[in-house]
Structure formats: C-alpha cells, structure tokens
Amino acid sequence: MEFYESAYFIVLIPSIVITVIFLFFWLFMKETLYDEVLAKQKREQKLIPTKTDKKKAEKKKNKKKEIQNGNLHESDSESVPRDFKLSDALAVEDDQVAPVPLNVVETSSSVRERKKKEKKQKPVLEEQVIKESDASKIPGKKVEPVPVTKQPTPPSEAAASKKKPGQKKSKNGSDDQDKKVETLMVPSKRQEALPLHQETKQESGSGKKKASSKKQKTENVFVDEPLIHATTYIPLMDNADSSPVVDKREVIDLLKPDQVEGIQKSGTKKLKTETDKENAEVKFKDFLLSLKTMMFSEDEALCVVDLLKEKSGVIQDALKKSSKGELTTLIHQLQEKDKLLAAVKEDAAATKDRCKQLTQEMMTEKERSNVVITRMKDRIGTLEKEHNVFQNKIHVSYQETQQMQMKFQQVREQMEAEIAHLKQENGILRDAVSNTTNQLESKQSAELNKLRQDYARLVNELTEKTGKLQQEEVQKKNAEQAATQLKVQLQEAERRWEEVQSYIRKRTAEHEAAQQDLQSKFVAKENEVQSLHSKLTDTLVSKQQLEQRLMQLMESEQKRVNKEESLQMQVQDILEQNEALKAQIQQFHSQIAAQTSASVLAEELHKVIAEKDKQIKQTEDSLASERDRLTSKEEELKDIQNMNFLLKAEVQKLQALANEQAAAAHELEKMQQSVYVKDDKIRLLEEQLQHEISNKMEEFKILNDQNKALKSEVQKLQTLVSEQPNKDVVEQMEKCIQEKDEKLKTVEELLETGLIQVATKEEELNAIRTENSSLTKEVQDLKAKQNDQVSFASLVEELKKVIHEKDGKIKSVEELLEAELLKVANKEKTVQDLKQEIKALKEEIGNVQLEKAQQLSITSKVQELQNLLKGKEEQMNTMKAVLEEKEKDLANTGKWLQDLQEENESLKAHVQEVAQHNLKEASSASQFEELEIVLKEKENELKRLEAMLKERESDLSSKTQLLQDVQDENKLFKSQIEQLKQQNYQQASSFPPHEELLKVISEREKEISGLWNELDSLKDAVEHQRKKNNDLREKNWEAMEALASTEKMLQDKVNKTSKERQQQVEAVELEAKEVLKKLFPKVSVPSNLSYGEWLHGFEKKAKECMAGTSGSEEVKVLEHKLKEADEMHTLLQLECEKYKSVLAETEGILQKLQRSVEQEENKWKVKVDESHKTIKQMQSSFTSSEQELERLRSENKDIENLRREREHLEMELEKAEMERSTYVTEVRELKDLLTELQKKLDDSYSEAVRQNEELNLLKAQLNETLTKLRTEQNERQKVAGDLHKAQQSLELIQSKIVKAAGDTTVIENSDVSPETESSEKETMSVSLNQTVTQLQQLLQAVNQQLTKEKEHYQVLE
C-alpha cells in the first residue's frame, strides 16, 4: 500500500485542515496585541504638552472651515478606523488575553485577500463615524492647523496614535518610526493610516500635497520592511466590545489638545529638541526591533499589558465616557465579523468537501488497485499453472532423455563388445601372420617365383575389382541421384495432390453449402423450378462432356493397368532369374564345400559372393521401394478412379433427387387436384345457395301474388263493410287496427334497418314481414266480414298454421346457415391442417435428406481418411525404408573396409598357401577361373538389373506424365464443377434463404475454416519436418562423401604399399640373379623369362656345367665355391635378416594402418552413433508428426465426407438435370397454375373471412329478429285473443246493421274509412316497393360477385 491509500492519510487531512483553521482564528484574535502595546509606549514617550497661540488656533479654525466642505469625509473616515484600533487594543488589555508568539506569520497571498475584504468593509464604518462627528458629540476633534514647511514627511504625526496607541511623531522627522511601526499592521489598514497626518496636510491648503504625502508614506512602509507581514485580526470577544470605544474616544480627546499645543510650540523648540528626538527615535527603533525578535510567555505578556494599562489609565476613562455613542459602530463591526466568520466557515466547509472528494477519489483508487491486484493474482495463478505445466513437460522430457541415454549406453556397450571381438580377431590374425613369416623363412627360395606371378595376378585382379567397385559406386550414386529426383518429383506430385485436395475440399464445402441451400429452398420455394430447368439443360451438356472425359480417363487407366501388368511380369521374370542365380550359387557352394584343397579360396569367394548377394539385395530393396512407389502411384490412380466413381454416384444421387422432385411435383398435382375438388365443393355450395336464393325469390313472388289476392279480398270486404251501418264499432276496430298497424310499422322499420345489413337472407325476412302485415290486414278485414262468413275461425287457424310454417322455415334457414358456417369452418380447419401437414412433410423430407447427406458425408469422410492414413503410412514406411537403406549402406561401407582388410590378410595367407600347394595349383586355378566366370556372369546380371531399373525409371516418368494428364483432366473437371457450382449459386440466389439452414451453414463454414487453419498449421509443421529431413539427408550425403574420401585414401595407401612391395621383390630378384651369375659366370640364361623360369633354366645349365668339370679341379673349385657359398650364405642370411627387418617394418606399417583404420572406424562409429541419435530424434519427431497427422486425418474426415457429399450431390444434380429437361414445360405450367391458385386461394380465403364476418353479423341480426319475432308472436297471441272479442263485437254489429240498414250516415262513414285504408295501403306499398328494390340491388351485387368468381374459376380451369 502507498501512503495516500492508508487510513492514516484519511484521518490526517481533516485534522490538518482543522488545525490550520484554529490557528487562523487564534492568530486573528491575538495578532495586534503586541503592536498596540508598543504603540502605547511610544505614544507615552512622545506626548509632550504644547500650547497653541490664539492666532494660530484661529488660522487653524479658518482653514478647518475651508476644508470641511471638500475633505471632511477623508479626515473623519481615516480617524474612525484608528479609534477602532485603539478601542480594540484597550479591550484586549482589559481582558488580559495572552499574547501570541510573533513567529507565526501568514503568507502574502492571505494578506492580500484580507486587504481586499477590509477595504470593502471600511467605507461603511467611515461614513457612520463621520455622521457621529457631525452631530458634535466630541468638540475637541477639530484642531487648528499649523503652518508646515514643505518636507517629504509631515511635521507632526501625533494623531497616528489612533491607529497605533502610544505612537506620537514630532514635526521634523518622526515618519521613519511611524513607518516601521506600520509595517507590523495589516496591509488592509492603509486607508486608515495616519488621519492626523492628513489634517496637517489640509492645514497647508494643498490637496495634492496630501495625496503625495500619503503615497510617500505607503511607499516607505513597503520599502523599509518588506519582509514583515502582519496578520489582520478581528476580535470576537463579546466582553471587549464596550470598553474599546470608550478608550478610543478618550484617547482622541486627550491627544488632540496635546497635539495642538505641540504644534504651537514646535516652531520655537525645533532646533533644541532635534538631537533629543533623534536619540529617542533611535532608542524606540531599537526597542521595537527587540520586541519583534523576542518570544514572550504568558506571564511576560500579562506584565507588558499591565504596564500599558497603567500608562493609558486616563485614556481609558475618557474612552469609557464615549463608548455609549459608538455602540452602533460596534454592532456593525460585529456584523462584519460574523460575516467574516461565515466566510471562514464556508471556506472550512469547502475544505471539508474537498477532503470528502479526496477520500472518494482515494476509495476509487483503492477499488482500482484492488481490481488490479485481483487481475494480477489471476495472472499469477495462470502463470503458476503454466509453470507447473512446463515443469511437467520438462520432467517428461528429462525422463525421455534419461531413457535415450540408457539406450545410448546399451549401444555403446554393444559397440565396445564388437570392438573387443575385433581386437581378438586382429590378435589371431597377427599370430597367423607371425606363423606365416616363420614358414616364409624356411621356404623363401621356392615361393618367390610363385609369389611374383600370384602377386602380379592379384594386383591385376585388385585393380579390376577396384575399378568395378568404383563403377558400382558411380552407379549407386547415379541411382541415388535418380532416387532423389524421383523423391523430389514425388514431393512435387504430393504437393500438387494436396493442392488439388484443398481445392476440391474448398469446392466441396462451397458445393455442400450450395446444395443445402438448394435443398432448403427447393423444399421451401418450388415456384422457381423454371429457372432451374433452363440451367439444367446447360448442365446436361456439361455432364455429357464429363462422361466423355470420364471414358477417356477410363481408357487411359486401362492402358496404364496394362503397362503395370507388363511391368509386373518383368519384375516376376527378374525374380525368377534371381532365384535361378541363387540356385546356381548354392550349387557352387556345394562344389566349393566338396573341394577340400581350395577351402580358403572358397571362403574368400563366399565372401565375395555374399557381397554380391548384398548388392543384389540392395538392388532388390531399391526395386521394392520402387514397387512401393508404384503401388502408391497405383493407389493414387485408384483414388482418382474412386473420385470418378464417386462423381458417378453423385450423379446417380442427383438423379434420385430429380426423382424425388418429380414425386414432389406429383404430390403438388395431387394437392392441385384436392384444391380442384374443394373448388368444386365450393361451387356446389354456391350453386346450392343460388338455388336457395332462387327458391326464396319464387317464394317471394308467390307471397307477392298472395298479397295481391289478399288486397283484392280486402277491397271486397271494404265494399261489404261500407254497406253496413254501425259506425262506432267500425271506428273502434279501425283504431285498434291503426294501433296495431303503427306497432307493425315500427317493427317493420326496425326490420328494414336490419335487412339493409343482411346480404342474402333479407329476402325471406322481408317476405315474412309482408306476410305478417298482410295477415294483420286480413284479420282486420275478416273482423268486418264475420257477419257474412262462417268459416272465419278456420281461416285464422290456417293463417296461424302458415305463420308456424314460416317460423319453421326461418328456423330451418337459420339451421342451414349455421350448418354452412360449420362446414366452412371445418373446411378452413381442414385447409389449415393440410397446410400444416404439408409443411411438416416438407420439414421431415428436409430432415431426412439432411440426415442421409450427413450419413453419406460421415461414411465418405471415414473412407477418405482411411485412404489418407494408408497413403501417409506408406509414405512413412518408404521414408523408414530409405533411412534403413542408408543405415545399411553405412554398415556396408564399414563392412567393406573390414572386408578389404580381411582380403589383404587373406591374400597374405593365400600367398603362403600357394607356396605350400604348388602341386594343386592347376586344379585350384581352374576352379578359381570358373568362379571368376560366375562372378562375371553375376556382374552382367547386375548390369541387366540396372538396365531394368532404367527402364523402370522411364516407365515411372511415363506414369508421372499420365498422372499429370489425369491431374489436368481433374482440373478440367474442377472447372466444370465450378461452373455447376456457379449455376447452383445462381439458382440458390433466386431462392430466399432459410434462417435455420443459414445458421447451420455458417456453423459448418466456421468449423471448416477452423479445420483449414489446423490443416495449414499441420502442413507448416510437416514442411518444417521435411526441411529437417532434407538437412539430415544432406548430412548423410556429407558423411557418405567423407567415407568415400577415406576409402579412396585407404585404396591409395594400399596401392602404394603394393607397389613398394613389388619394387622390393624385383630388387631381391635382381640381386639373386646377379649373385647366381657371379657364382656361375659361364651359365647364361635369357632375362626375358620370368623369375621362376629363369631359376629353373639356370639350375639346369649350372648342373650341366658342374658335370663337365674334372675331379681335383672340381674339388678345389667346389671347396672354393663352398667357401664362396658359405660367404654367400652368410650374405644371404644377412640379406634375409634385412628382409625380415623390412617385413617387420612393413608389418609395423600395416599395423599402423590398421590402427589408423580402427581409429577412423571408431570416429565413424561415433559419427554413426550421432547419426543414430539424430535418426532416433527424427523418429521421435516423426512419431509426433504422425500423431499430428492422425489428428489431421481425424479432422480431415469431415472435410473428405463433405467432399464426397459434394460429389454425390453433383451426380444427383446431373441426374436431376437429365430428368428435369423433360419436365420443363410442365413445371412452368404448374408454376403458373400454382401462382394463380395461390392468388385465388388467397382471394377465396379473404372472401371466406369476409363471409364469416358477414355471417356473424347475420347471426347477430337473426338473433335480434328472433327476439323481435318472439315479441310479435306474443302480440299475435294477444291479437288472437282480441279476435274472439272482435268476432263477438262483429256479431253485435251485424245485428245492429240489420236493424239500421237504411241510414245514410253509414254510407258517409263508409266513404271516409276506405280513404284512410287506401292511404295506409299506399304507405305499405311504398315501403314494400323500397324493400323490394333494396333486395333486388343486393341480388344484383350477389350475382355480379358470383359471375366474377365463375369467370375466375374458369380462368383457373
């Protein structure tokens, strides 16, 4: 934690602020005490009573009067603050407050601020003091002026004691003392400084001089003591409020007469008192300085205050008297002090707020620091976890290194064991060499000739063998270079294949996305099949082209298969030849085993044959590697064939999709048929409704006819009633009928308003209303006819029956309407259910297709990944085989060096054995020649095999060309696939995207992008490993070159040693010839012969010479010769010893060579160990790369499955395109029909909704009419009850009419009643005509709608 974050800092800031405020107030209270004490002392020292002359006083008064008009306010305003300061000082002295140490001083900035505040406050106080002075409470304020000479300082400063009590200045030069004292005062009291000084300037009569003197004084204050800043103080003591005013007034009253007297006497005593004043000023200055520098305790300060009180006792009495008049000023001062306190409190509150803000900022910073700490802790935790993980990895790697070290130790132990075994063999060989040297010493003379011949022969053989070996090495290098070139070509082919695969994968991903879009959109929107059809025709052409190219590929593949079969036959022939050679070699082995005499040679030949076998095995391994490569190429071709087959399968799947689309079209046709059936049903319903409407119209016509008949009958009845006499009864009946008619009119008006809203069923209601009105009228008429008609009751009953029938008809119509509404609702429900079922079926179809596609993609991905795994495993096996071959080559080089050493040793042994077996040379030489012939035959076979290898390389190049052709064809296929994809994308763009499928596609795309990123990273890793492998290969090549250089060095050394030996043997032979010539000078043998032949001839001739010599001479000669022979023998022994030493030297040289070879072998073994280590590291890296490859394979399975799905979909698309070409026109027509049907269905659906709404309205209206009809039935029942009464009244009327048949009044009344009835009938006819016209209009509208719908359906048909 930092300092600002601690709780100590939070507590410390407010405590500091509080202490500063407390010190501020305390210093403010105690500031001016010490200054006031000094001022009092100075004033007491300088208060000298002076007497003023009357003339001077009068002049002073006159000048005072002159100046009062302009400068009164200035003098008074300056005197009031001085009085205030005196009162303050006296009040503090009375209360005996302890002085404050003078070392506490405020800064200049706080002093300036206080100056500004006090300058604002003091003008108000000055005005109040001026008003009080004008009231003439204190008569001694006005002092007569004294003439003053022009000096830079005023002559008298006695009035300055109001500001600083006790300070009084003389006329000459008391300004300096006054200035020094004023520096201790607050800078805000500049305006109050020295009012008496201003009065003296007023006496001189120049306002400008007064202003200049003020300026000089203020300047002197700031110049003399700029370092002392006195703090202002406003006393807050309540007890000290009354006494300061009184003391101030008394001091002013006492000072002014003294001042006048001093001014009057100053002129006469100026010269005498100058020295005294100067001495007093110096003493006072020293006193002030000592006071400034001193520190007072509380007791000392109290003593100083008591002394000042004693000296200012008289002044206090005068001030107490004048304290009453200055209460108002003190109140104002208190108010100002309260204001200052409030300002200070506000400052304190502001500081507190600032402290709070600082604490809040501290809290926020703490929170931030806590957040940072938590983040750092989390980071530390993650780093610790990573550290633990790294430690675990390091531990694992350390364990692995320990295991590797253990393995290396085991290998070293094995190598040391092998080295020990080799040393033992070398010791055995050395023993054998020593034995052979002993044998050579006994048989030198016999073996020298044979050694020469054999040596020359062996040298020739060595040269031939070395030449052959060099040729073989050159061939090996060429083969290795060819193999590297083939590897580079294979790597390039692999890269191209990977690029092709990546391109195919991308295209498969795109095609899968497009296919998914097609599936979803084909299911969702079948309206755009027309555009697809137009594009399918183009794709059919491309599909035909693809099929043609596939046929070409199949033909090329058949040719390639034939070539491969021929190559396999050749390989089989070569294998058979190798087996035959092996059989021959076995026979030779058996022959060699049978020959005991030439066992050593046979062993050597076995070694040579073993070497040749190794070379053959190496060639066979190279052939096997080439076979593996051919198999890999064949697998690649098989993969291409599989790709082609997959394309075909996809075409078949596309055809299946087309079949599914055809099935979907068939389902659409079924749906259309169902729609047609529903349309027929709707038509039937409409026809039924029309039929019903026509029936209702016929019934309406019949009712109109009945109305007409009833009207005629009513007229007849009216004529009959007109003949009857009873007027009153008729009038009552008419009134009842009118009331009923009015009621019926109201009901009819309500019904008319309802009938206006009803569409098709208003006709029946209007007919019923007309029937009701007619029946009521008939009832009214029949009441009049009861006298003449007996069967009126039966008519009424028939009418009731008719009414009941009409009611039943109305109910039946309502039931029919409800049934029709139910049917319509059921149909709508069925339509909606069918739509939902269609949607569900489409979704199920889409899900099934997606599941099938996923399953197919998964299977295809699994197969492709398996193929990739196989290919990669084969590649790894080939790499391992190459590494093993290189290791074998290194081992073979080491063995070859050992074999060369063994051959050298075996040649030595052979030379010794040839000397022993001179007799058996003929047979062994023949066998040797035969073996050489066999070796030559094998070398010829090797050459044949090399030729076969070259042919295989040419075949491989041709196959690579075929692969390139196939790749070009694949590129063409890909371009066609891209075209198809573009077409599919165009088709897909016409379909609206489905949200769910888009989400799935986006997720799959993300997964594919992630897989591609992983593939790229793994490819980078594989390339890195390849680079490492190439580096290792280069190192191996360098090692091989170093081995070859060492071999050449060794061969050169061997050749040099062999040449030296030949030279030594020739020298020995020459020396032997010279010795023999010296022994037998007579014998002469040609020198052209070989050494053995020359010795044989020389022996023969020497024997002949020896035989021709005589006895004694011969004996002497023989003795002489024996002596010479002994000498020669000694010489020969010496020479033999020399030769032995030479042989020993040669053996030492050979041993050195062996040691150097062994050292080099050890070095090479170390290098081999290092190479083994690197190989193991590479194997470990290969294992890691294999693991990564396995991961890649597991991840690439999905991609390959997607590719297969794409191919499958392409096949299906091609099939679909083939089949869609036939259905283009039909689909277009179906689309048009579907669009029209959809429009019609939408219109019919909207019309059905409208009809439902109208039916609902009709139901409501019917309910209203039913209620009205029920009320009417109740009224009819009442009317039926009234009919009986009417019948009785009619019988009475008839009886009365019979009595009064001759009255004329009845005729008049009868003339009036038909008129009323005719008016009523006219109104009824008008209303009926209106209803009829409305119904006709509605019928016309309905007919128009029906005609429109019929035309619409005809158009649809």
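Cβ from N, Cα, C; glycine included.
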Feature phosphoserine, as given in Swiss-Prot - residue among Ser243, Ser1313: Ser1313
Asn1088 (N-linked glycosylation site) and Asn1055 (N-linked glycosylation site), Cα-Cα, nearest whole angstrom: 26
For Asn1088 (N-linked glycosylation site), the number of other Cβ atoms found within 10 Å of its own Cβ: 7
Number of other Cβ atoms within 10 Å of the Cβ of Asn1263 (N-linked glycosylation site) across all protein chains: 11
Average pLDDT across the coiled coil (330-1356), rounded to a whole number: 70
Asn1088 (N-linked glycosylation site) versus Asn1263 (N-linked glycosylation site) - Cα distance in angstrom: 157
Neighbouring C-beta atoms (10 Å sphere around the C-beta of Asn435 (N-linked glycosylation site)): 12
Distance from Asn435 (N-linked glycosylation site) back to Asn1088 (N-linked glycosylation site), taken between C-alpha atoms, in Å: 34
Count of other CB atoms lying within 10 Å of the CB belonging to Asn1055 (N-linked glycosylation site): 14
